[in-house]
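Shown next, in structure tokens, is the structure this report addresses.
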Amino acid sequence: MSSSPNIGFISLGCPKNLVDSERILTELRSDGYNIISSYEGADLVIVNTCGFIDSAVQESLESIGEALENNGKVIVTGCLGAKENQIREIHPQVLEITGPHSYEAVMKHVHKYVPKPEYSPYTSLVPKHGIKLTPKHYAYLKISEGCDHRCTFCIIPSMRGDLDSRSIVHILDEAKRLVDAGVKEILVVSQDTSAYALDKKKENASKTVFWNGMPIKNDLITLCEKLGSLGAWVRLHYVYPYPHVDNLIPLMAEGKILPYLDIPLQHASPKILKMMKRPGSIERTLERIKKWREICPDLTLRSTFIVGFPGETEEDFQLLLDFLQEAQLDRVGCFKFSPVEGAVATDMEDQIPEEIKEERFHRFMQLQQKISAERLRQKIGRTLPVIIDEIDEEGIIGRTMADAPEIDGVVYVDNFSKVEVKLGQIINVTITNADEYDLWGEI
């Protein structure tokens, strides 16, 4: 039995929150704590919460309650932690509460209730790239915190603050450690990836810096070029449609980063986009998509949209459907508008009844499923590189360059017994079949 204190840990929410959890776990292990996956035997439990939408808030509150019931000693951090009063009202017995990315405060509270061990065997087991909660062959890389936009449906800036970009040197150093440790795919995340380093320009701090003895600029294009030189797949998420995003497409065409753009557009009605405080020129967006595909024919476009936003008429919704038909996006997520405490849109007039939201959601998804199915069918007969995520007796499950883990489709490979393969390996697969979301193929 180890003499090191045991810390239980619950991580909720998005990949950005997962990165925060990984950092806290790394610091816990570096300080000699043992991380366990159960309440029983834990000297303390940390719950890293999500507070983006009401369902996430409810899940976080329930997880806190479960930890209290089964253990009793609980520290809360994460996005919902920015609303301490809301947590205390339901769970007053929580020991301490901090907001998101409050790593030092979390560790200070842990030390207060469970003193740091004088010696622990776990301190020597921390890998150079830190503790990761993802499979060994891919990892999330957070490049900034916060967001300068004030979209009316979102409360992230009130929780995570304004844009705060990391140093390009620190990001590249972390990325190199990941690749050196065997990571084959780096998933770049933030609240607003395309805004990377724009805050430093405002502060006149975007000067040339040195990495590996060479001068480099502290900007998004340079970051992507350098990440692409490390030898791993590089996938960009949460890209706001700034004009300079156009400059990323040639890098994708050249194979420096994956030809994959996760660009949340949210709607297509100029009226609704204006109410959301989002960019409103859909004609311009369609022109850009056409140009992007001319430069990089293999480009995969993923986006997310909201239906049932306050004031959305049938005409507004039809504009959204028309846009989907014309844009022919590859991967699309759809959310029914959900009131969030603190969001401007929650108090707007003309809230849409739930039954209309539901009906529009289904119409949206029916159309997009047809589009996605047709775009996937176009891949039948092609031989594509596939990264292996799972291997079992039934076959291989992997992903193409067009598929991010968790949110996109997969490739099922049946005849894997003909060759020896391992997790994280990138193999060539000939596509034989497709449906609305997934592909099937053979080696």
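Note that Cβ sites are derived from N, Cα and C of the backbone, with glycine treated the same way.
What Swiss-Prot says about this one:
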BINDING   C14, C50, C79  [4Fe-4S] cluster 1 binding site
BINDING   C147, C151, C154  [4Fe-4S] cluster 2 binding site
DOMAIN    5-115  domain 'MTTase N-terminal'
DOMAIN    133-374  domain 'Radical SAM core'
DOMAIN    377-443  domain 'TRAM'
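All features noted in Swiss-Prot, drawn onto the structure.
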| residue | record | Cβ neighbours (10 Å) |
| --- | --- | --- |
| C14 | [4Fe-4S] cluster 1 binding site | 17 |
| C50 | [4Fe-4S] cluster 1 binding site | 22 |
| C79 | [4Fe-4S] cluster 1 binding site | 28 |
| C147 | [4Fe-4S] cluster 2 binding site | 22 |
| C151 | [4Fe-4S] cluster 2 binding site | 19 |
| C154 | [4Fe-4S] cluster 2 binding site | 22 |
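Residues C147, C151, C154 make up the record's [4Fe-4S] cluster 2 site, and a Cβ search at 8 Å around their centroid adds H149, R150, F153, I155, I156, P157, Q191 from the same chain. Per-residue pLDDT, averaged over the domain 'MTTase N-terminal' (5-115), rounds to 90.
Sorting the domain 'MTTase N-terminal' (5-115) by DSSP state (H, G, I as helix; E, B as strand; all else coil) yields 55 helix, 22 strand, 34 coil. With DSSP classes pooled into helix, strand and coil, the tally for the domain 'TRAM' (377-443) is 4 helix, 32 strand, 31 coil. The secondary structure of C154 ([4Fe-4S] cluster 2 binding site), as reduced to three states from DSSP, is coil rather than helix or strand. Between C151 ([4Fe-4S] cluster 2 binding site) and C79 ([4Fe-4S] cluster 1 binding site), the C-alpha separation comes to 17 Å. Of the chain residues outside the [4Fe-4S] cluster 1 site list C14, C50, C79, L12, G13, K16, N17, T49, G51, F52, A56, G78, L80, P100 have their Cβ within 8 Å of the site's Cβ mean position. C79 ([4Fe-4S] cluster 1 binding site) and C154 ([4Fe-4S] cluster 2 binding site) are 12 Å apart (CA-CA, integer value). Taking the C-alpha positions, the distance from C147 ([4Fe-4S] cluster 2 binding site) to C79 ([4Fe-4S] cluster 1 binding site) comes to 14 Å.
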